[in-house]
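**Q** Here Swiss-Prot flags Cys27-Cys56, Cys34-Cys49, Cys39-Cys57 as disulfide bond, drawing on similarity to another entry. What Swiss-Prot records for 1-22 is signal peptide, and it gives experimental evidence as the kind of evidence.
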Amino acid sequence: MRLHHLLLALLFLVLSAGSGISGPLSCRRNGGVCIPIRCPGPMRQIGTCFGRPVKCCRSW
């Protein structure tokens, strides 16, 4: 029965990891860069890198 709880927790962890860009590695994997200010000119925000203040920006 403990194995079921472990597998369920692992499933939730995997599903929550794919719910958006939340780190610099996943930002780079999606073709973006981490910028601590507003995304400049031709770039648009596709997520965050280190929480709310740092944006993950990508060119159109």
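Just so it is clear, glycine is given a Cβ too, placed from its N, Cα and C backbone atoms.
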**Q** Should any of the disulfide-bonded residues Cys27, Cys49, Cys56 have a Cα within 10 Å of the Cα of Cys39 (disulfide bond), which are they?
**A** Cys56
**Q** Among the disulfide-bonded residues listed here, Cys27, Cys34, Cys39, which has the most company in the form of other Cβ atoms within 10 Å of its Cβ?
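**A** For the disulfide-bonded residues Cys27, Cys34, Cys39, the Cβ with the most other Cβ atoms within 10 Å is Cys27.
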**Q** Can you tell me the three-state DSSP label for Cys27 (disulfide bond)?
**A** helix
**Q** Can you tell me how far the Cα of Cys27 (disulfide bond) sits from the Cα of Cys49 (disulfide bond), in Å?
**A** 7
**Q** Identify which of the disulfide-bonded residues Cys49, Cys56, Cys57 has its Cβ surrounded by the largest number of other Cβ atoms within 10 Å, counting every protein chain shown.
**A** Cys56
**Q** Sorry to bug you, but what's the C-alpha spacing from Cys57 (disulfide bond) to Cys34 (disulfide bond), rounded to the closest Å?
**A** 6
